[in-house]
Each structure stands twice: as structure tokens, then as C-alpha cells.
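In case it helps, TrEMBL gives these features for our protein:
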TRANSMEM  7-25  transmembrane segment
TRANSMEM  45-64  transmembrane segment
TRANSMEM  85-105  transmembrane segment
TRANSMEM  125-144  transmembrane segment
TRANSMEM  156-174  transmembrane segment
TRANSMEM  194-211  transmembrane segment
Amino acid sequence: MTRMSTCVYHLFVLSWYIFLNFYISQEVQDPRKSQIFLNGGQWKYLTFLNLLLQAIFFGVACLEDVLKRTKGKKDIKFVTAFRDLLFTTLAFPISTFVFLSFWILFLYDRELVYPKALDTIFPVWLNHAMHTFILPFSLVEVILRPHCYPLRKRGLTLLAAACLAYVSRVLWIYSETGTWVYPIFAKLNPVGLAAFFSLSYIFTIGIYLFGEKLNHWKWGARRSNQPTLKEMNPEYPLEGLLLKLKL
């Protein structure tokens, strides 16, 4: 895909996530729907946090696209590094986790995660926008361009910190309000909750490693801003050849 096409894609996805976040913010103000967001607000749900995260990532991606065209690659290394770190450690693992965990639980027993009563409040397209389309957008980003993965220990540490922060918020909301964020938590005893959170983190680690392997399969080994053998942009064949000769 050409650089211009990449810019257009990032701008399109950014606009989509901005629209979703704005639309949901307006829905929260509806008295009939606001009951869902009591005791923690909309940000108690991982789904909405993920939508905000995706908007931030694609915003950074658009910024990097613009700066690359105006300043060149060498002058925006920090932005590129931040974009890659954000995508590899948070945006891809969390969007994939939300997609898989939601639909697995939904197909098993939707009352555990998205009660049928919500169908009368939120349109079907919004459910898919929040829980389905997020994965294709992330996969296209993997295929669209290479991303530098940090050292595995560092990447997993950042992911663990994000998971711990969210679990801590879920437990804090329960301790303050006596209500769980998701119905499934109310059906588990303390041991079951510990097992659920532990297995969810292990599942997230698996997703992180899958993303790393997928990036390696598409673009070759890529860590710490090192170029890859497959990074041969058709717009810059000479640059790509020089990179290959250096390696």
C-alpha cells in the first residue's frame, strides 16, 4: 500500500473512532441509558476504554504520517517509537482481547456480559462497532506496516501494568458500590475471580505473542527500531536495497 493510501486509511479509522466516542458520550446523557453507567461511569467498561485507546493510537499514527511527509523519518523517531510501543503493547492486545472475550462469553451465555435487555437500548450496529470491527482494523494495521516490538520483558511488563490497573479499578468500584462491572463477576467466588483474572492475563499474553509472531511473519524480525529485510518500500527501492546490504 502506498504512503498516501496509508495516510487515508489512518485518517478514516481515526474519524470512525472519534465518531464512536462522541456518539457514546451523547448516549450516556440519555436518562434511560445513563442507568447502565451508574457506579463508575462509562470508563468502567473495558470496551469503552478500548475505543478511546484506539482513537489515541490512530491519532498518533495520523500525526506520524503527516510528520513523515513534512520532516522525514529521521526527525520523528520519537513519534514512530511511541506509535509502535502503543500499538504492540496495548492497542493490538487489548482490541483482540475485547473481541475474543466478548464473543466467547456472548455465544456461551450473553447474560454474563451483554444482557439481552441492552438490545432495546443500543442498536445492533453499535454492538458490532464496539466488539467486532475493532479486530479487523487492528489486523489491517499489522499487515499495513511493520511495527518495532520492544524487548519481550518490557512489552509484557507494560501490558501487565495496564491489566493490573484495570483489575484494580474493577475491584475498587465493587468495594465502593457493591456492584460488579460485568454480570459474570457476580457469579464467581473469590477463588473463581482470581482464576478468571489470572487466565485472562495469560490469554492476553498469548495475544501479545501472537501479534509479535504475526508481525514477524509479515515483516521479518523487528525490534528496537531495527530495519527488516522485508521493509522494501516500492516508493524507495534504493533505500530498501541499502538497508538490505547493511544487514
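Here the Cβ of each residue, glycine as well, is placed from N, Cα and C on the backbone.
Note that TrEMBL annotation is computational and uncurated.
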Let me spell it out: take the transmembrane segment (194-211), skip the flanking residues so only those 6+ beyond its ends count, and list any with a Cβ under 8 Å from a Cβ in it.
88-89, 92-94, 96-97, 100-101, 142, 155-156, 159-160, 163, 167, 184-185, 188
Of the listed stretches (7-25, 85-105, 125-144, 156-174), which one yields the highest count of Cβ-Cβ distances below 8 Å with the transmembrane segment (45-64)?
7-25
If we call contact 3 or more Cβ pairs under 8 Å (sequence gap 6 or more), are the transmembrane segment (125-144) and the transmembrane segment (85-105) touching?
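Checked: the transmembrane segment (125-144) vs the transmembrane segment (85-105), in contact.
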Counting Cβ pairs under 8 Å that sit 6 or more residues apart, are there three or more between the transmembrane segment (85-105) and the transmembrane segment (7-25)?
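Stretch pair does not touch.
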